[in-house]
Structure formats: structure tokens, C-alpha cells
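Sharing the features that TrEMBL gives for it:
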COMPBIAS  1-12  compositional bias 'Polar residues'
COMPBIAS  19-29  compositional bias 'Polar residues'
COMPBIAS  648-657  compositional bias 'Polar residues'
COMPBIAS  1049-1065  compositional bias 'Basic residues'
COMPBIAS  1069-1079  compositional bias 'Basic and acidic residues'
COMPBIAS  1169-1182  compositional bias 'Polar residues'
DOMAIN    335-471  domain 'RCK N-terminal'
DOMAIN    758-898  domain 'RCK N-terminal'
REGION    1-29  region 'Disordered'
REGION    648-668  region 'Disordered'
REGION    1024-1079  region 'Disordered'
REGION    1169-1197  region 'Disordered'
TRANSMEM  81-100  transmembrane segment
TRANSMEM  138-159  transmembrane segment
TRANSMEM  171-192  transmembrane segment
TRANSMEM  235-253  transmembrane segment
TRANSMEM  265-282  transmembrane segment
TRANSMEM  288-310  transmembrane segment
């Protein structure tokens, strides 16, 4: 508080005034002319000058005393500690006086004759002398008087300093009255010696000590700048209140009983404890009415005071349960903990975090402190009461923007802080703003704490670039959805890689595919230094491709990337020209990390005796050995076969001739230790003019489009990684981007008019956000062959903004249309009948629903409708909640789905983090939830390389020299390779590509009890009615949801009708026969035909040609099975046959290849090959399998 003084007051010493005048005169004399002129410009030149003195506090004696005794925190604390010591000392002196006092010696005033009052036998007559007078020695009296005098002076001084104009308010305070009762009588005895033996209730100073203690705790908190919990203060006050009640009752009863039973101090204490505890033995009781009255008064006071104290304590306890209290400072210094900051905590998010975080063995001793501004949910409270989590998870209600709450969470001592955005908010930009403020607050409070931040919108990512790890949800979401269109089930592949799994899911299932799929899902990405590795240490000085192939052949691990010690960039499949050194960090996919593996080497005695054959392990009838990988308690024992180095001449494969001819199938070349530029044919995509010339357009009337390769000139947000893409030579006008409306540049109004050669990719989005840019870039990347570029149609609920159109107008074959997926006309106008993939992105407006899991209701029903209308269409759907994926492509009486649901429950009971992995839509990559990628951020705490590797795989980042993810399809001409291990060698030797997994589609027989009965009845009684077996299958599977019951009912109804017709009149007219025939045709009309007619009628109404619409009823058996093998169509031609697709990540080398398998590849960077290769290699074409020149275009996707 600052005070201003214009003139010295009269109360000040005259020296001060003289000094002021002298200073003023000196200032006027010594002022420079320039300063005088400056002052003159501001005021009068001839007016008197006044010196102004500023004080930090009031410059009076009272204010200085108030500053010392009250305002200053440290001095006030010291004074209160001294005052508390005085009060405790007076209580101790009172106890000492009681112990030294002997009533048998007589009682009286100071200097008077002593009289013994203890001989009265009547309890009705009170001896007042023994109550008023006590024995007090001179030295004890002197100490008590000194203490009383100090206390009196201090009380009067504090009363004066705190006086604010109302003297009666100060006098009638309880503390002031008690001070006067305990101090004034002692001061009087100084001037009147006979009163020195007068009884004074000094024991009442315990209440003053309690009051001083409360104030002292408050000053202590202010002095050390730390706030203890209100719970601690209230408990302390309650304990002090109980002690004061017991001490007051003990001393009062003991003194009053001097006139009665003469109780000792200990017996009085015993009586008070027994009385206040409501035990009441009755062996010690007060005898005179005064002490009995005191007991009544004390009980009444206790009944009033204690309930109030307990009520306050219970209220604070309940509030503490809501807020969570504090994380102990001692625990923070001795134990490790991480902090999870969220705006609202849901049970799914909590369990995903806990399961993934504690899945790593190194994190078992960590504590998780949850800082959330909302009250704990009931489900969350129940989970946190489970002993597994109650000892390791601490919930604190508070805000990350408050330093007090960050201090409660001990953020400065935390090992990491995870800040997650609320994706259930309708306004996702506002949710990002809250996340950004939390990140800033944590960085300001604890600069050294590692930050792991989740952002929803990509345009907000640069605000938190200071964080150690950042995951942008929309970037990853759209990139995965885009790759799903060209590399099937990429979303499932990435999800399985970033989840921690034991690889034990589905091992008890009778289904072979579930066991293989569950086993391979345990593969994750690990890292190790080359010099410390047994997997890769022997390949120092050799090429990356050589190390990857031989490590997979020998150990079953898949080496996918490397990083130099002096370079922070991770390179995926840097190619055969990359030479491994001991300081390199290797990144590999395996069931577990090398540190948890035990190696068991076995030598094959037969090979020792016979020697190594010229055919090698791939020659003749030999097969790759099955690698026995036994997982037990996090340790893998690998049975390693003899894998000695063979000469290059003996590593090729010679196959028998076909039909006795002398022609040879192509053999598999060796993988060289050092790259040979004459063997490796780079995939040069920068100069693919020869490709265009060799494959002329089928329609010569349409000119071939001209594209250029370059970097997109306009990025919609800051922080997007530059990617070399196929671009238009000139930006397209905004009017030409509208698919359904013509303009002055072209008159096309539907997808058919454009005459696209490739199938469309349609994306249904609510709003064209900046994240949608990451959907287009991977599909237009420079390494995608020009002839395989699919047109992209953006079906938007809301018109796009100009800045977004400016960003996409440079890409070829990218169009937009305003419409929604629940409108059949919009779907037909955007060309859905010419599309192979439809991507349905979850709408932001539906994410916030009254019931959480109902947020996906509209999306699921719309997708189910499109699944019925266009069964040949591959629909890729994004959901908010992963648990809702069981409703995708829902069929009410599908017993196989019911069995998968039971399997999911069993896996969840076993503690699996991937219980939903066996759902057919997820396994096939048809459904995806962005919440599955939350584990990517959690894993980054242990594996800091997971986010860069995921971004490289998805094409979000392009590092020079790093490869990219692509896929190839296994055709009939490629089945001679037979096994995955041989395919690995073939790819490494011919094109330096690294396979990482297989996407397999199988035809599966789903047999149910209803369908078996239907088959038996049809075959036994009325098989002759089915003239066309394929049409019969189509009819059975094209019925409504109760399709397994209708065939049986229809057969029985026909049989019953025929039996009645045999008994009745067999003569019918021609009119009746015609009517019956029409009825039969309508009766046999399937749901598929009705939907087909509906679509055709809408197309005719819109003026669209119906030639391109393929009805399932008109498809041939080969057409349907081709779509089934591609995974695009659930086989509706049979009730018992369906298709399922799943992923095998890093399968064993002896895994048999099957027809239509799609192999995931990491292809080396074409730019690196072009820069390092010769000009002759630039003009050469890339061939995957030399044996199949004609099928080259079908080999790659």
C-alpha cells in the first residue's frame, strides 16, 4: 500500500522539514536549463516547486507496528509462535501449581493464617475458601505474573493496531475477555499482595492457544507459499477442540472437587474421558453440585461444538473425494509418476490408456495421476476402486491452467504429461484451443516435463510444436482412410502395430484363421542398436536388403528401417545401397523384442552328413523350416535352423519343366551383400513417359492427360510436410471442380460423362476441413503410377471454402459435390455406381449425443442402407466408438457373428487389449475408429520412434531416402513361389522391396442349424423345383433379415398346397393358371431385385444412364467370385458361404501363399535410386516377376 505525502506534517521533526526545504532549494539551483525549460513546458515557470516523497507503506508509527505484527508474513508468524508458546507455558504452569498444591497444609490469603477446610463431612455445605484460595509459591507466582504481563501488553497492542473505529467490537470478543480474565488478576496481585493466593482459571488459556494455532497455520501457509489441504486444517481444529474440552473439564472438576471429594488431576482426567466417550463406568463421580453443574455445561458445549466440527469435516471429506486430494510430495520424490490431463474422462479412454500404459513391463511401478476439471464419473469411480488400479491411479479434480492444481499433481516432478483433446465436442476447434492452453500452462509451470499432446485439427498443430510428441487426429485419420483405398486394411495394419498385444488372442479358437490372425497380431515395432544385436550384428558392412532378408530367414524378424547415429531421421527400407554400420539403430517387426528372447541353435545332422545341396533350402522338395516361436511370460524362445551362408550360385531355384517341355520357370536370384546396380532395377517414377507410350489409351478420341510432378503450391495449413505429387500443369478453375454442374470450360454434369478409366473413390465428409488435404496427397503421391490414379469425388454436406479449393485445384481428377449419403439421388449423381471405394467419415455434428454410444447411429444406418443398395461397393467407415463396429453389415440371424461376439467377450475377460480384433469388418479393414490410435501417443512414452514410423508408413512425412507403403497382389502365375519366405527373397533380390504382411481373403462356410434343416428338406423332398442351382442360391441369400427361415417355410407351404390340390378338383382354367403364375413371380421377387429396380428408377428420373449399374442378379458366377476374392462383396449367392478377410503381420517364412493374397510392401525411395543410378536405369521398366510379363499391370496395386 503506497501513501503520498505532499507537505511534511507538523508532527514531523523540524529537521525533516529543513532537510526538505534544503533539498528543494538545491534541486532548483542545480537544475539544468534544459530541464527547467522542459518543466516549464509542463507547468508554470514561476510557481513554487514541491518535493513529493513516496512511501511503500504509511510512514506512521502505528502503520509500522501493524506491518511488523500483522501484515508482514514472516514477522507475524514469529510473533504468533511466541504467543502460542506463552499460552502453552501458562497451562503447564497451572498443572505444576496443582501438583505442588497440598490442601492438607491449609489454605488462605497471602500472609494470612492457613485454615484446613477438608474436615467437613457434609457435602451440602460448600467450603468456598478451598475454591477461592490456593497455595502458590513465590517463584511460581513471579513466573505467572511475568507471563501474564507480557500477554496483557501484547493483547492491548494488537487491540490497538486492529482498532477500526468500534471499541466495543474489540472489547466483547471472546479472546479479549479470556485474556483479561487470565492476566488482569495477576497484575492486580503485584499491587495487592494478599491476593497472590487467589485462584485464577489459567487453564482457560488452552482455548487461546487453539485460536493462536489456527492463525499460526494460516500465516505458515502464506509464508512458505504452500497450501495444505483444508482437510488437514479441519482435522487439526477438531483435535484441538477435543483436547481443549477435555483439559478444561479436567482442570475445572479437579478444582471444584477440592471442596468435596478432593479428586486428583489424573482421576479428573479419567472421569472426563469416560464421560465424553459415553462409557460412564460410575466409579468416579463429582460430589458437589458445582462440579456437577460444570459437567452439564461441558456436555452441552460438546454437543454444540463437536457436531459443527464433524459436519465441516465430513463436508470437506466429501469435497476431497470429488477433487481427489493431493499427490504426496514424498511419493513424487521417491516414486515415478505421469500426469494425464483431460477435459472429460470417459471409461473407454481411461481403460485404453491404463491397459496400454501398463502393458509395458518397465512401467509397472509408475503412478498415473489424472487431472480433470469435471467430477469423477460413476463408472470411472467403480473402476478406480478395483485393487489393480486403486494403488496406482490417483484422480485429482482440477484444471491444468491453475498452478495450484499443477502443484497438487506434482507436475514439476512428473516423468511425462499426456494432454488429450475431447473428441466428443461438437466444436473441435474450441476443443483444440483448450488443449493448446493446457499445453502452454504445463510448459510454463514445468518446462522440463516431457509433453505428449493430442490435437484434433491440423491447423492448430504448430501452436504446440514445442511438445516432445504431437499426434494430429485428422492427419492420421484421413491418411489411413486414403491408403485403405489402394492398400486394403491399412487402418487395421497400423492399429495392430501400435497396440501392445501378447499374441495369444484367439489361440483357443477352433478356427484356423483366428489362430493365425491372433498370433500375428502380437507383432510390434522394436528397435535395437546393430552392434548390440544378435539379430543383425552379423550383417555389419552389408546392405540393408541383405540384412533384412537373412534376418527374416534365420530369426523370423522383419527389418523395416534404420537410423544413423548422426542423423535423427528414420529411413524405412533405405534400399540395397544403404550399408549397415555398428552404430546404426535398427527398427524391426517381431512378436517381442530381442532383449526378451532366448536363442536355441540346432544343427541338422542330415545336412552335415550329406553336405549342402546346390538347391539350398529352397530347392527340391525341401521346405522352409517352421520357426517354433514359444511365448511365455514375455520371453520368446526361437528354434533357429542351420542358416550358413551359401554361395550365390547355389541360391537360385530350378523348377521342373511343364508338360515335358524344356522351358524353365524363372528362379529366385540371390540377395547380394553389396548392391549391384545391374541387378536392382529401380522403380523410376519420375520419368514414366515410356510407360505411357507402351500403354496407349484405349479410347484414341480422348487425349491423354498431361500431368507434372512437383510440390503442391498451396498448403491449407502450417506444418504440412511437403510431398512430391502428380499435379496439373495449370490450376483448374473452381467452377471445374464441381462434378454435378457444368461450366463454360466443360459441360459434364455426371461421372459417366467424364469417361474415367479407373474406378472412383468417393469421400463423404460433413465439412471440407484442412485435414481432408491429407486424404488427397497420398493418392496423388509421385510414386503412384500415373495410369492407376483414381478419380476422387468429395461428397460434402456443406459447400467448401475458397481456401480449401485453392489447395486442391492443382491436383488432377479431384472433384467435389454438395450432398449427403442418406440421399440416394446425391449418391447416384456423384457416380457411386462407377466407384470401387466409398469412404464415410464420421460427422462432427453427431459426435455429441445424449447417449454416448448413439453418436454413430446415423452413420451405421446409412452405411447399412448403402450396403444393401450397392453390395459390390467397398465401404470404409469411420466410427466414434470402436464397440459399435459390430453393427457394421449387420445381419440379425448370423450365427457366426454371434460366435465372434462370444469370442470377443472371452478375450476381454482374459485381459486382451484387442478384444474387438476378431470382428469381421475390423479384420477386413472396412471400419475404423480414430480412438484406436490413442495408443500411438501412449506408446511414444516408451517407443519415441513410433509416431515418425507411422507417419512415414502413411505418407504424412517424406524423408529423402525413406521408402513408402504399397501393396501387390498374388496371381495364379505367382503361386510357383509357394511360401512367404521365398516371396521375401524374390522381392529383396529383384526389386529391393521389404514385405511386412499379407492381407488374405478366404471363402468361409457358415453352417447354422436353420440352414442345415433347410438344405435337408430341399434336397430330400423337392429338389426338382430348383432348376438353376446358382439362381436358387441367389434367391436364398437375397431375402430379408430372416433369410434362413423363409426357404423352409416356402417349401412347406408349397408342399401343403400340392397335397390339397391332389385331393381336390384338378381341373383349373387358364385364367387361374395365369394368376397363379403371376403370384409366384411376385412371391419369388427378392429384396435384391426390389432394390435394383429402385436404383434404376431413380437413375432414370435423374436422366442418368442405367447401363453402368450392375445388378447382382445379372452377375455371372465368375464375376461374383472375383469380387468376393477382392474382398469387395459378401457372397449373397449362398446362405452358407461368405468371405472373410484378415491380416497376417510378419507371418512365418513357411506360410503358404494363396491366390489373391495382397502383400504389404515397403518400397525403397525411387528418388534415391534415380539420384544414385545411371541414366540407362532411368529408362528401364520395372518388373516384379520376370516370368509374368503380361500380368505385370495386375501384379501391383
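The backbone N, Cα and C atoms fix where each Cβ goes, glycine too.
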Six or more residues out from either end of the transmembrane segment (288-310), which same-chain residues have a Cβ under 8 Å from its Cβ atoms?
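Cβ under 8 Å, 6 or more out: 123, 126, 131, 234, 237-238, 241-242, 245, 248-249, 252-253, 256-257, 259-260, 272, 275-276.
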Is the transmembrane segment (171-192) in contact with the transmembrane segment (235-253), using three or more Cβ pairs under 8 angstroms as the rule and ignoring pairs under 6 apart in sequence?
no
With contact taken as 3 or more Cβ pairs under 8 angstroms (pairs 6 or more apart in sequence), are the transmembrane segment (171-192) and the transmembrane segment (265-282) in contact?
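Between the transmembrane segment (171-192) and the transmembrane segment (265-282), contact is absent.
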Determine how many residues of the domain 'RCK N-terminal' (335-471) DSSP places in helix, in strand and in coil.
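The counts are 59 helix, 28 strand, 50 coil.
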Treating G and I as helix alongside H, and B as strand alongside E, what does DSSP give for the domain 'RCK N-terminal' (758-898) in helix, strand and coil?
60 helix, 29 strand, 52 coil
Any idea what the model's mean pLDDT is for the domain 'RCK N-terminal' (335-471)?
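Taking every residue of the domain 'RCK N-terminal' (335-471) together, the mean pLDDT is 90.
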